[in-house]
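Taken from TrEMBL as is:
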- ASP115: active site (ACT_SITE)
- ASP131: active site (ACT_SITE)
- 63-81: transmembrane segment (TRANSMEM)
- 93-114: transmembrane segment (TRANSMEM)
- 126-146: transmembrane segment (TRANSMEM)
Amino acid sequence: MRLKNRFFWIAAVISLILDQLSKYLVVQNIGLNKTISLLPDVFHFTYVTNSGAAFSLFQGGAWLRWLSLLVSIGLIALAWFGPLLNRFEQLGYGFILGGALGNGIDRFVNGYVVDFLDFRLIKFPVFNLADTFINVGIICLLIASFRQTPPPPESRRP
């Protein structure tokens, strides 16, 4: 039996692993509220915690852990029981799932999310790879919505 929507599962697993590994390395190697300058005044690793949503919105929102769980369950159900998606849709939903699971795990285990990507040149809020994967997933879905792509080759097999 072939796995349906395999690019979804690959994107979800890889993004989840990269997110959790990066957060583990930050927690083990950078003190809380400390920073490592990679490009002075441009890009730093700054270890902070965030009890809110992306970019520190909705601080202290305990309901966010349940939202992450519901989004994750919905995306898993879509990939498992739904139609065969095109590759951009598979990647988009997969990256969103990986990001939602990554931040959801943090919220359930710690009560907060570990953020560390600090772009100071544009004075952007500190964020993490899960946030990045969610945004990349949204971009993939936007691309998919503007393209008419044929279904993946696996759907054309008898």
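Placed from the backbone N, Cα and C atoms, the Cβ positions cover glycine too.
Any TrEMBL annotation is an automated prediction that lacks curation.
Note that this is a predicted model, so its numbers are computed, not measured.
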Inter-residue Cα distance where the pair is ASP131 (active site) and ASP115 (active site), in Å: 9
Long-range Cβ neighbours of the transmembrane segment (126-146) (under 8 Å; 6 or more residues past either end): 11, 15, 18-19, 22-23, 46, 48, 50, 54-55, 86, 88-89, 91-100, 102-103, 106, 113-118
Cβ neighbour count within 10 Å of ASP115 (active site): 25
For ASP131 (active site), the number of other Cβ atoms found within 10 Å of its own Cβ: 22
